[in-house]
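Student: OK, TrEMBL features for this one:
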REGION    1-58  region 'Disordered'
COMPBIAS  15-31  compositional bias 'Pro residues'
COMPBIAS  44-58  compositional bias 'Basic and acidic residues'
TRANSMEM  92-112  transmembrane segment
TRANSMEM  133-150  transmembrane segment
Amino acid sequence: MPATTLPPWAIELKNPPPYKPKSSIPDPPGYPSSQPSNSKKDKKTAPKRDPPSPEEMDTLKLKKAWEVALAPIKSLPMTAIMMYMSGNSLQIFSIMMVVMAFKNPIMGILGTNQAFERFETETNKGKVLQVKLVYVVMQIVALALGVWKVNGMGLLPTTRSDWLAWEAQREPVEFAVPGL
């Protein structure tokens, strides 16, 4: 039997060609170069950065805490549009929207301390307490949006006819007898 020879592409798969260095075009600024560089030269040109002071860290943590505190209000317009578009009828989509409108703020209020514990230090406790209060107010605003939707669906007892079962029957002052 004659020996079978492999086609050239199969030989290249088994033995890939050697790596060819890049052309003379340099990498763009900020792009890590695959070529070895002079580390001494890079260390001299790069400015040395000092670690942030405790005051700077507190400021950064407070900024992040404010971002967390204002996050619920940023999602409110989209939630309001979704609630408006779902209509006021009792359907599965509108019911799911109402459940999420109540569940998310309640879970947010219950998890307030856990949401801000990574930002709290001994020096910024008072400021973080203010941020927590704003966070709770934002969650209450989100709850109010859910109450608005439930009221629009007619599920809140806000009219007199909703309370007729507990209203006493009136005693008539005079009676009328129809004529024969």
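We number each residue from 1, going along the chain as drawn.
Even glycines carry a Cβ here, placed using N, Cα and C.
Mind running through what each feature is packed against?
Tutor: Secondary structure of the compositional bias 'Basic and acidic residues' (44-58), assigned with DSSP and counted as helix (H, G, I), strand (E, B) and coil, comes to 7 helix, 0 strand, 8 coil.
Within its own chain, the transmembrane segment (92-112) is flanked in space by residues 72, 79, 82-83, 86, 132, 135-136, 139-140, 142-143, 145-146, 149-150, 153, which lie at least six positions past its ends and keep a Cβ under 8 Å from the stretch.
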Student: Under an 8 Å Cβ to Cβ limit, what residues of the same chain, 6 or more beyond the ends of the compositional bias 'Basic and acidic residues' (44-58), are close to it?
Tutor: 121, 123-124
